[in-house]
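What TrEMBL annotates here:
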type	residues	note
TRANSMEM	33-56	transmembrane segment
TRANSMEM	77-96	transmembrane segment
DOMAIN	94-383	domain 'FAE'
ACT_SITE	238	active site
ACT_SITE	317	active site
DOMAIN	400-480	domain 'Beta-ketoacyl-[acyl-carrier-protein] synthase III C-terminal'
ACT_SITE	401	active site
ACT_SITE	405	active site
ACT_SITE	434	active site
ACT_SITE	438	active site
């Protein structure tokens, strides 16, 4: 390469005439998009020449050729009949044995009354006046609140607004009734479905499991029919909402032409911790009142009005590992006060559960282009001992929207980083955490409602709901929008969506 001098202030500077560094100048994002497009449409591109040859050959046939072909078919009538019979039989078997489609007709998220809202200053003053917390615990809670990502409009139950608090069984039942009945009343009103039409009921609430059960409470309130298949899931943590959907899906495979209602909630009243153990104080700062009711159907006629179709459910359970089993653990502290302890290993364990879950989910949802890249890097690493970084599949090519359980700011941050998501992909999770706090298993429904309220859900879009819970579990549900989805009446974001997104504390 030659160079020529340039005079700059009397000083000669030699500028090299080198070719531009195309590796740096070309935006690799577009290269990857081009590769993705090529692999996705590879079959189509290969079939075009084949179809062209068939068309050319057909156009060259004369009437004698067509007559000769017809005679051959007549002589082989038995073969044609057998072939047709096999096709008809195979089609019938496929139609009879294929899984029933499960549709999400609508859902409703409970919005508590405004007098149950709690602001940071009110929370801290109230905690101090109870007399149960020492100065160190109060300061710890203040720091957690400041960094939590929660706003000043989250809700705590009525019993926690009294001084002293009144965490009685009656108050816990009252909280459960307000949340569950509030969500169900709105769901039945929006869908015009009569409670008597419900054939399957699944309720999940981790920490409050009275007798009779919460599912029995719903049957009694709405006078559901006597042969209803009802289930009450307890102790399964924040990921139980996806487990409840999976159970309802399995029941809908067995019972045709049926409606299933899934109710996901958590109860705060009797599970507030009044001690000074740091690991057990965190839930006080994060968990808030909330709940959701979901109407599922396997009726083909409901496809027209349904919002979504259930595509996949993938569940991962790490309970065989002792650390994973104990990382979210309800226990008593040294003074005998009960609470839920969160381990310092929680994020690492959640990461391991997520890795296992997406390893199963990936082949089901990722385009072929991403699977080939992942397989190539895996082969290079295993066979050639190459120092190749593990390839992280681009899940943005598989999903349009992400509903990451709003368990806390750290959870959302880690998934945004590890899955290489953009801020807009985690906006629904951050804003749900800010406006409603951690509502446990129902948080993924508040996030879906946020996306709808923003007008972002278009027909054909795919949604990934992912939740983590005690045990330790990581569960995923994949939905496909069947229409341009609009928010339902009395959405929890109805009166505040214009204020969001807001800046949250980093």
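Just so you know, glycine gets a Cβ as well, placed from its N, Cα and C.
Sequence-distant neighbours of the transmembrane segment (77-96) (same chain, 6+ residues past either end, Cβ-Cβ under 8 Å): none. Here the active-site residues are 317, 401, 405, 434, 438, and the one with the most other Cβ atoms within 10 Å of its Cβ is 405. Between residue 434 (active site) and residue 238 (active site), the C-alpha separation comes to 17 Å. Taking the C-alpha positions, the distance from residue 317 (active site) to residue 401 (active site) comes to 24 Å. Residue 238 (active site) and residue 405 (active site) have their C-alpha atoms 8 Å apart, to the nearest angstrom. Recorded residues residue 401 (active site) and residue 438 (active site) have their alpha carbons 20 Å apart, per Cα-Cα distance. Annotated pair residue 405 (active site) and residue 438 (active site), C-alpha to C-alpha distance, rounded: 8 Å.
For residue 238 (active site), the count of additional Cβ atoms within 10 Å of its Cβ stands at 28 [all protein chains shown].
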